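Features reported for this protein in Swiss-Prot:
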BINDING   LYS36, GLY37, LEU38, VAL39, LYS40  GTP binding site
BINDING   ARG86, ARG111, ASP145, PRO146, MET147, LEU148, ALA149, THR150, GLY151, SER152, THR153, ASP217  5-phospho-alpha-D-ribose 1-diphosphate binding site
BINDING   ILE211, GLY216, ASP217, ALA218  uracil binding site
Amino acid sequence: MPIEDRDNAYLITHALAKDTLSQLRDIETEQVAFRKGLVKLGRICGYEIIDGAMETEYAHVQTPLTETTGEQVSGLDNIVIVNVLRAATPFVEGLLKAFPRAKQGVISAGRDEAAGMNQDGMFPITIDYVKLPEITANDTVVVADPMLATGSTMCAVLDHVNDAAKSKPKNLFVLSAVSAPEGLLHVGSEFSSADLLTVAIDDYLDDEGYIVPGLGDAGDRAFRTV
């Protein structure tokens, strides 16, 4: 569903996606359930991308009884999923259930928390590791990070994705579970060719750049580092 006043941002409104997100938000959801919830949410979001953005074609099928005509999704061999470490790892695990033949890229990126936000509400970002497959004009690229807060990390990641692309991909999706209005604005304005997909738009960012109400630190909760 398009988001008002944002030409390239869309809400994923599937009932199971919203139900799963509610469980992820709950402070009582422990590590294993949280991680499994991110996997489940990634899978649902993958199916929503297939349903909303990918084409189908007719195919001849031989059943045990006769020959018939069915439909198949085209382009499933031209999917590139970019995992923004580390919080996106279980999220991407779910996406791979929807896109089992996807090529995968990995970018390790993190905020410089000590430096704090600048006057534009952005953090300096440290990129520690980049490994991306070849990206071509036939590819649908999904850059996954459960939390889109200030947009600082995602903007840095997308710079690397664009640098790696031999040509503009067929589709470029930024996928998150929860987004802040500020992050959608920053990323959407700087990368107008990307479609931003999110299950929820939360209220605001606090003074430290965390999404409120949010779901806490997705990486810490998934990997039990708190």
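Cβ atoms are placed via backbone N, Cα and C, with glycine included.
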Of LYS36, LEU38, VAL39, ILE211, GLY216, i.e. the binding-site residues, those within 10 Å of ALA149 (5-phospho-alpha-D-ribose 1-diphosphate binding site) when Cα atoms are compared: ILE211
Binding-site residues compared (ASP145, ASP217) - the one with the fewest other Cβ atoms within 10 Å: ASP217
MET147 (5-phospho-alpha-D-ribose 1-diphosphate binding site) - helix vs strand vs coil (DSSP): strand
Three-class DSSP secondary structure - ASP217 (uracil binding site): coil
DSSP-derived structure type at THR153 (5-phospho-alpha-D-ribose 1-diphosphate binding site), helix or strand or else coil: helix
Listed in sequence order, residues with CB under 8 A of GLY216 (uracil binding site) and six or more positions away: ILE27
Cα-proximity to ILE211 (uracil binding site), 10 Å cut-off, over binding-site residues LEU38, LYS40, ARG86, ASP145, MET147: MET147
Cα-to-Cα gap, ALA218 (uracil binding site) vs VAL39 (GTP binding site), nearest whole Å: 12
Neighbouring C-beta atoms (10 Å sphere around the C-beta of LEU38 (GTP binding site)): 27
Neighbouring binding-site residues, C-alpha within 10 angstroms of ASP217 (uracil binding site) - of GLY37, LYS40, ASP145, THR153: none
MET147 (5-phospho-alpha-D-ribose 1-diphosphate binding site) versus binding-site residues LYS36, GLY37, LEU38, VAL39, LYS40 - nearest by Cα: LEU38
